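Colleague: Before anything else, here's the structure in question.
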Amino acid sequence: MSAAVACVDYFAADVLMAISSGAVVHRGRPGPEGAGPAAGLDVRATRREATPPGTPGAPPPPATAPGPGGATAAPHLLAASILADLRGGPVVATAASTAGGTSPVSSSSAASSPSSGRAPGAAKSHRCPFHGCAKAYYKSSHLKSHLRTHTGERPFACDWPGCDKKFARSDELARHHRTHTGEKRFPCPLCTKRFTRSDHLTKHARRHPGFRPELLRRPGARSVSPSDSLPCSLAGSPTPSPVPSPAPAGL
């Protein structure tokens, strides 16, 4: 096995040296009449000891065909593709830029570029050890929270006087704590109502005739249109009392 690998490496090195010195393909004289076209071909490649290209009488280097972007392929890119074919690795493609240069782009790296923002090669390595559960997570903290659904552990206890409730997650405890304090962190952008939970706000805001989903993503936007606040008044929200008109002067 090692001898085969050494043979492949030697052949690859020989190919690289032939490319760097400028391989030349000569076409021999036409063969005798009636012979096929292959009879007159004489393919020769310059060796390591070939005459340098700058000396008189040296054959000109072969012209490379222009690629799709108009730029000629560099010898090291051709050598890289030959080595990739020999070793069975990914083929390196070239993307032509507007300035006329080329930059190597690996097809495997382009295929593995994540669209979700995670680092390449990230995987859900934290798997649930419980039998019959195939869930996996990117972070160990997420797995730890999931394990509590199996064990029934609730480490987050409410410290409000007279309340003995416990929760498996800290965000559940924080949401429950607002039921004691009366804090309503989610205001409706179309009326004066506020809510302790965001899902309650979404359910309420959809009842407005002028509701748009983007309004919930802009917390300072408010509308004073009476038609927008009509569903809130129907639901029991306080309506402003009419302002009495001033009495005529002289009475």
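Cβ from N, Cα, C; glycine included.
When I checked Swiss-Prot for this same protein, it listed these features:
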COMPBIAS  53-65  compositional bias 'Pro residues'
COMPBIAS  95-123  compositional bias 'Low complexity'
COMPBIAS  239-251  compositional bias 'Pro residues'
MOD_RES   Ser103  phosphoserine
MOD_RES   Thr151  phosphothreonine
REGION    48-72  region 'Disordered'
REGION    95-125  region 'Disordered'
REGION    201-251  region 'Disordered'
ZN_FING   126-150  zinc finger
ZN_FING   156-180  zinc finger
ZN_FING   186-208  zinc finger
Colleague: Would you count the other C-beta atoms found within 10 angstroms of the C-beta of Thr151 (phosphothreonine) for me?
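Modeller: Its Cβ shell of radius 10 Å holds 9 other Cβ atoms.
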Colleague: Kindly report the helix/strand/coil residue split of the zinc finger (156-180) according to DSSP, in that order.
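Modeller: Going by DSSP assignments, the zinc finger (156-180) contains 11 helix, 4 strand, 10 coil.
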Colleague: Tally of helix, strand and coil residues over the zinc finger (186-208) according to DSSP?
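Modeller: Output for the zinc finger (186-208) reads 8 helix, 4 strand, 11 coil.
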Colleague: Treating G and I as helix alongside H, and B as strand alongside E, what does DSSP give for the zinc finger (126-150) in helix, strand and coil?
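Modeller: Taking each residue of the zinc finger (126-150) in turn, the totals are 11 helix, 4 strand, 10 coil.
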